[in-house]
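Presented below is the structure to which this report refers.
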Amino acid sequence: MKKDIHPKLHKATVRCHCGYESELYSTIGEEVSTEICSNCHPFYTGKQRFVDTAGRIDRFKKKFANFDAASKVKGN
């Protein structure tokens, strides 16, 4: 292998909002924050939980609120 062409590895800590922390090696940074992880994700826990931190559902409903009414006016 060639020397000095590979990125440096740092020990990184991944922190979730639920309090779970994990250590891994990364070339990007030393600390990573995430909103959801395997410790609190509904698929892995078996518990139903509504996850919409960015308000995406509200934005979708607002964007397409008049979609059905507009298509009836056009005659489609």
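Each Cβ is built from the backbone N, Cα and C atoms, and glycine gets one as well.
Per Swiss-Prot, Zn(2+) binding site is recorded for C16, C18, C37, C40, and the stated evidence type is sequence analysis. Taking the Cβ of C16 (Zn(2+) binding site) as centre and 10 Å as the limit, one finds 18 other Cβ atoms among all the protein chains shown.
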Hey, does DSSP put C18 (Zn(2+) binding site) in a helix, a strand, or just coil? coil
A correct count of other C-beta atoms within 10 Å of the C-beta of C40 (Zn(2+) binding site) gives 18
